[in-house]
Amino acid sequence: MELAKSFEPAEIEKRWYARWESAGYFKARDKPDAPAYCIMLPPPNVTGTLHMGHAFQHTLMDALTRYHRMSGDNTLWQPGTDHAGIATQIVVERQLDAQNISRHDLGREKFLEKVWEWKAHSGSTITRQMRRLGTSPDWSRERFTMDAGLSKAVTEVFVRLYREGLIYRGKRLVNWDPVLGTAVSDLEVVSTEEDGFIWEINYPLEDGSGHLTVATTRPETLLGDTAVAVHPEDERYAHLIGKHVRLPIAERSIPVIADEYVDREFGTGVVKITPAHDFNDWQVGQRHKLMAISVLTLDAKMNELCPTEYQGLDRYDARQTLLDALQAKGLLVSAKPHKLMIPRGDRTHAVLEPMLTDQWFMSMEGLAKQGLAAVDSGELKFVPENWTTTYRQWLENIQDWCVSRQLWWGHRIPAWYDADGEFYVAHTEEEARKQAGGRELTQDNDVLDTWFSSALWPFSTLGWPEQTPELERYLPTSVLVTGFDIIFFWVARMVMMSKHLTGKVPFREVYVTGLVRDSEGQKMSKSKGNVLDPIDLIDGIAVGDLVAKRTQGLMNPKQAASIEKRTRKEFPDGIAAYGTDALRFTFASLATHGRDIKFDLQRAEGYRNFCNKLWNATRFALMNLEGHDCGQEADQPMDFSDADRWIAARLQQAIGDVHEAFAAYRFDQAARAVYEFVWDEYCDWYLELAKVQLNHGTPEQQRATRRTLATVLETTLRLAHPIIPFITEELWQKVAPLAGVHGDSIMLSAYPQVDEAQRHPGSVARMQLLKELVNACRTLRGEMNLSPAQRVPLVIEGDAAVINTLAPYMVALGKLGEVSAVTALPEADAPVALVGDMRMMLVVEIDKDAERARLAKEIARIQGEIRKAETKLANPSFVDKAPAAVVQQEQARLADFAAMLQKLEAQHARLG
């Protein structure tokens with residue numbers, strides 16, 4: 001079948017992906033003696049859809065997977081999704097809420113049925129989208145963190161760590177989300193600076209000798225105070241340490257204590273201590289053996305330990321009621337505006353409460369030492385290396401991990417309680433009953449933090465706790481590709497769990513990617529209205545549909561108008577369909593070792609043009625190869641030209657550069673090496689040189705050029721395949737047979753290796769000279785204002801043998817009438833170009849008067865531009881106020897105009 005005239009990605013992508021997957025090409029293969037290469041997909045939330053960050057990282061993982069698969073490794077890319085406890089429960093609860101049903105109306109069992117139902121219908125969206133991106137994980141091994149095998153691993157770990165004394169139950173202060181009704185980890189807390197107040201309140205001394213003025217930003221927790229504190233070296237209050245004050249409203253007696261935690265400069269230097277509602281106060285309370293009185297319910301209302309008139313009030317209503325009461329008693333001294341950090345839940349944006357609750361914790365200190373030892377020994381490396389510091393700092397300051405969550409969706413904690421509240425940790429209820437002597441038991445209602453099961457992902461997916469062949473072969477895995485935002489949440493925890501439970505690190509390297517931002521460097525977010533959907537970049541989207549997408553479901557609907565305005569301005573014609581390959585090439589080109597990635601659609605357009613260029617180059621090659629002798633027979637004589645040897649040598653350089661780039665995770669450099677070889681060397685130079693050979697060469701030369709056209713293109717397609725899989729497969733199917741290569745798919749063919757015998761330094765040097773001569777000739781044509789249609793002669797003073805060899809190429813590429821070697825250039829007014837020790841001149845009869853007039857006019861124009869630029873740069877308000885980049889741009893313009901003027905004046909002078 002003939003290759004289509006233009007590259008239409010949609011049909012090609014659909015056809016090839018289905019063929020690859022159904023043929024089982026993505027499956028891990030067990031080749032004896034081949035090295036193992038394994039990547040674990042960071043399991044996306046089952047609730048999720050593919051966002052730009054996913055698409056970026058999945059492109060890089062797939063490029064590595066395809067590269068190593070083609071390099072002959074036993075390659076496994078392990079896919080799967082995360083049950084995403086909180087996120088999934090929120091989604092399903094919202095759906096029920098729309099029907100005026102709460103999860104409590106349904107009960108736990110029915111609610112979980114609804115969640116599994118939802119997962120069955122919507123849970124595969126993200127994996128469908130991954131397929132659209134051309135990713136090639138082993139789908140036959142796809143896992144879900146709530147699968148039976150993974151759940152078994154979770155239970156085994158919990159029981160094992162409990163028996164080792166690393167998991168314990170205790171009453172501790174946790175971050176409590178009153179909307180979700182669960183504890184959340186420190187890492188799920190978003191603290192933002194907000195406007196508030198600081199109140200000063202008088203606490204009367206119990207002996208009636210006066211009062212202490214306390215400064216607080218949380219007056220509603222006053223009812224739970226169990227002390228007031230001053231700094232031990234604060235002379236203002238030294239005489240009061242050990243005395244007691246009367247707690248307003250609650251009318252309890254509480255002590256005045258001294259603790260270095262108190263900041264003498266904050267407020268009055270006296271602070272209230274509420275151990276049950278503040279993390280710092282909890283620590284103070286532990287040091288001074290203070291009682292912890294919790295005055296809030298789990299939904300942030302005042303509880304039964306408060307005076308009757310406050311019970312049942314929302315925390316903020318209680319605040320106002322309490323302030324009014326203090327005012328009435330003359331105890332409220334002042335209320336001053338104050339900026340403070342407010343902790344909110346990253347899912348609900350609710351203000352979190354430090355809450356004293358019974359929770360399960362994991363002791364982290366010993367595990368953290370193992371995590372630190374892994375980087376110290378070199379077992380684990382971060383790329384870029386500077387992320388090691390971030391990892392290390394967190395592990396050195398680690399706190400015990402609260403692993404329990406008050407949710408219904410997730411891995412239920414394998415602990416059972418008897419009627420007396422005694423608990424038994426076991427693999428099954430039957431095992432727990434044996435421990436309890438057959439007593440009636442009830443399972444703990446809590447589930448484990450989602451990150452608990454995620455921390456086991458690298459080895460649980462390989463069959464642990466069973467000692468499977470896959471576990472032996474693939475652990476430690478090769479590399480984890482992840483964002484810097486989950487180094488704490490996930491990376492460090494995987495390292496600690498894996499080291500402790502298997503004795504091995506989970507991966508040898510962690511490649512930390514940057515964050516994909518918009519073209520202006522802004523973080524992509526729904527509220528900013530700057531989110532791009534990778535599928536829209538593949539398929540294209542009309543501006544109206546894009547606006548609708550960006551303005552739907554906004555938390556603040558008032559933003560819709562400004563988002564629509566910005567979107568219509570940025571994308572007046574919507575977004576064009578770039579296809580998967582162009583999008584992947586764009587992502588690869590942006591994958592530098594920096595922290596942030598600015599995604600610019602112009603790049604996607606540039607790489608779509610690249611795909612079109614590669615397609616058209618292949619069409620040209622096929623037109624000159626199909627039905628012709630392509631030199632596949634070994635006994636056929638071939639006469640390779642310098643051009644043939646040069647392109648073969650340049651290909652070796654590109655192959656070497658790509659290998660180095662993949663080894664260093666420099667996907668940007670791999671993309672650049674492919675781009676520059678295909679566009680700048682194969683298309684712009686070699687195809688033009690090949691035309692000369694094919695049109696004017698001997699049969700042996702033509703055969704050699706066809707052989708080179710085919711083999712270099714076939715190798716280039718294999719070289720580019722990991723980055724742009726679809727177009728390379730489609731083209732390879734047509735080109736490979738002509739290069740004498742046979743196989744079912746490019747993705748199963750061997751990755752190109754450098755062939756030192758193809759370096760050809762002599763040919764490379766001669767072709768470099770040819771390029772310089774052609775470029776000099778093009779410059780001369782430009783200076784003389786010659787149209788491409790004017791085929792004029794060129795004379796070159798230099799080595800006649802070299803010139804005569806290169807002449808046919810120069811005629812074609814320089815659009816010349818002929819090229820002659822001369823011992824000396826003729827006397828003429830035409831400009832002369834120098835290339836090494838060669839001098840060259842176009843032989844053109846020119847109308848001197850007309851040319852002088854043209855040059856004079858151009859000189860006057862350039863002088864005007866120079867004056868404008870100089871005036872601008874002499875203006876202090878421009879230089880001082882304009883952005884540095886704008887000033888530099890103006891300086892560069894001035895330098896360019898000055899160089900141009902020099903050239904034009906020299907040409908004018910030569911004409912006399």
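Here the Cβ of each residue, glycine as well, is placed from N, Cα and C on the backbone.
Under the heading motif ''HIGH' region', Swiss-Prot lists 44-54. For the motif ''HIGH' region' (44-54), same-chain residues at least 6 beyond its ends with a Cβ under 8 Å from one of its own Cβ atoms are 81-84, 87-88, 91, 119, 122-123, 125-126, 129-130, 132-133, 144, 483, 515-516, 524, 531-535, 599.
Residues annotated as motif ''KMSKS' region' in Swiss-Prot: 523-527. Remote same-chain partners of the motif ''KMSKS' region' (523-527), defined as residues 6 or more beyond its termini with a Cβ less than 8 Å from a stretch Cβ, comprise 51-52, 515-517, 550, 553-556, 559.
In the three-state DSSP scheme, Lys526 (ATP binding site) is classed as coil. Residues or ranges marked as ATP binding site in Swiss-Prot (evidence: sequence analysis): Lys526.
Annotation source Swiss-Prot lists coiled coil at 847-911, citing sequence analysis.
Listed in sequence order, Arg550, Gly553, Leu554, Met555 are the same-chain residues at least 6 apart in sequence whose CB falls under 8 Å from the CB of Lys526 (ATP binding site).
Mean model confidence of the motif ''HIGH' region' (44-54) amounts to 89 (pLDDT, 0 to 100 scale).
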